[in-house]
Amino acid sequence: MSVRDGAATMATNAGGGGGGGGWSNDPDDRMYLLQIYPRLAAQSSTCCNLRVQKNATTASVIADAAAALGLDPDCLYVLAEVKESGGEEWILEAGDLPVQRVLLWPRKAQEQHPQSFGFYFLLQERNHDGSIHYVHLPPLSKEQEVQRLAARGFLPPPQDDFADLCNLPVLSEDSILNNLRTRFYKKKIYTYAGSILVAINPFKFLPIYNPKYVKMYEKHQLGKLEPHIFAIADVAYYAMLRKRVNQCIVISGESGSGKTQSTNFLIHCLTALSQKGYASGVERTILGAGPVLEIIISRMMTEQATE
């Protein structure tokens, strides 16, 4: 046994007592690290590091930890598994296998599990009447739990924007507006709401409407790529060819929101698709619809202004 920097370290076998330190070549003899923190009235928060085998029982681990920390052998101790992310503290039975519990923890906490990770073991003394004092950890909300696990590297960092509003973890007016604002600042002016495309007028030209983008979105399922008005045009166009049924794309919005420009982009994409020879006469039909659409939009704007 050795003591360095206030941390006690020793090796143990399944039956308690010292065993060979280090790592064995035999998978069944592999040694696992257990970091145990005493929660005792007369003991500091010194961490006890034990190297134990996979089949080491709670009883043997408690005995070795008590010996390493120089505790009174006549007292009774218990080993508790703590998972702060879920507000859990679980007292292990004498025959339980602590290593099996560690192997169920997030991978980052399996090799080393300091208290800052939120997954660790506590060694505490039983009450005089033999009962156990539980410390009730404050429960965390699901959002808080995800944030803490992500901050510790157990989960990927949460998304700061969502391409589809239907995927927002919290659906409210504020969350929708914040998501649209975040995407707009990243020059992502398009966002889906299911099969609906929400567009925010950037009031400047963005280089996302050239033939390369027409080709990129061709024959792609809606939502597979970043939201784009070409995706809407592509889905409508190929649905028309496949089902042989007229398709309708509704464009609505306030004055100045970019309805006319969106119409032009749709016509541009549909014209490019029709030029591949999939359907004769489609190009002329689409181009001829431009002036009609402009008249309809102007009439609607006039009616709104007079109301």
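Along the chain as shown, the residues are counted starting at 1.
Using the three backbone atoms N, Cα and C, a Cβ is placed for every residue, glycine included.
For Thr260 (ATP binding site), the Cβ neighbour count at a 10 Å cut-off comes to 15, with all displayed protein chains included. According to TrEMBL, the feature ATP binding site maps to Gly253, Glu254, Ser255, Gly256, Ser257, Gly258, Lys259, Thr260.
Feature annotation from TrEMBL assigns domain 'Ras-associating' to 30-128.
Annotation source TrEMBL lists domain 'Myosin motor' at 160-307.
What TrEMBL lists as region 'Disordered' is 1-22.
Same-chain residues that are not part of Gly253, Glu254, Ser255, Gly256, Ser257, Gly258, Lys259, Thr260 yet have a Cβ within 8 Å of the Cβ center of the ATP site turn out to be Asn201. All protein chains included, Ser255 (ATP binding site) registers 9 other Cβ atoms within 10 Å of its own Cβ. For the domain 'Ras-associating' (30-128), the number of residues in each DSSP class (helix H, G, I; strand E, B; coil) is 28 helix, 32 strand, 39 coil.
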